[in-house]
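> Just passing along the structure, written as structure tokens.
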């Protein structure tokens, strides 16, 4: 019997294929008191080194398949591995509390994850909890001697089903075989969703319980435009998804023909069709789709994507890239729009009756 689910449409596209459940290893362990904390610290450092080596390989693959911009998420992951605040707290906990490395890592990572998840007024920073989870899972797997799943080994057409997809999972997806993915949790601003859009793999996230509804080999239809997912669709539903997929492909082809066409009215007047962007990462799509300028550069995203106030150099480099990339086309820059419906955890603002009018 067909099972219908609704999630968040994270990456455009429509596909039907057999389910491939990406199963994570059991990373459970027992808390232990240790006599020699130095041995646990050595185990931790070895696991950090092994994780770093793996991430270098994954980053190189991501740069090749996704581009340098998207691959930079793994620079952030390697920075977590090298962050003295993160790793230092783990080492300190091992020494002071004489616990095994697994327990210390668990407690410290949970603190960082909880901190990010608590940033409810900043969805981007909230999603960074997934980065800490990804890195922690990799370290923990090495500490426990377990193997993480390798999506790069998929060699048949499938819809990947998972509780969540980490950035490193997503970067290893081969779009020749992975026709879509569906997850229990996640949002549009998660790195996995952003990568899916770069790979042009349809994706629906946040379905709550796809992993409980689907088994390996079940047929699954996915609509990354509407967020609709059907497990064991009927023949009529499969036909409808196929029809919708063909219509979407046709529409994309028509858009591709129009992207280089000039916008001219019936009486011969030309007007610019410009794009809105939030970060320099949006520029590839802007250029690929023939925009004649940037109608609005929402610079607040430079602040929202950072854990602290961007420096003058950070801002200069971001604006410089946009202007140079778009030259000689016009760029309209909006100064940061913060305080109404957008908040920064590191920039507390006073209570205001109507913050949309300013402070």
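Here the Cβ of each residue, glycine as well, is placed from N, Cα and C on the backbone.
Annotation source TrEMBL lists domain 'Phosphotransferase system enzyme I N-terminal' at 6-128. Summarising the annotation, TrEMBL assigns domain 'PEP-utilising enzyme mobile' to 155-227. Residues or ranges marked as domain 'PEP-utilising enzyme C-terminal' by TrEMBL: 252-359.
Please situate the listed features within the shown structure.
Counting residue by residue with DSSP, the domain 'PEP-utilising enzyme mobile' (155-227) contains 18 helix, 19 strand, 36 coil.
Sorting the domain 'PEP-utilising enzyme C-terminal' (252-359) by DSSP state (H, G, I as helix; E, B as strand; all else coil) yields 39 helix, 14 strand, 55 coil.
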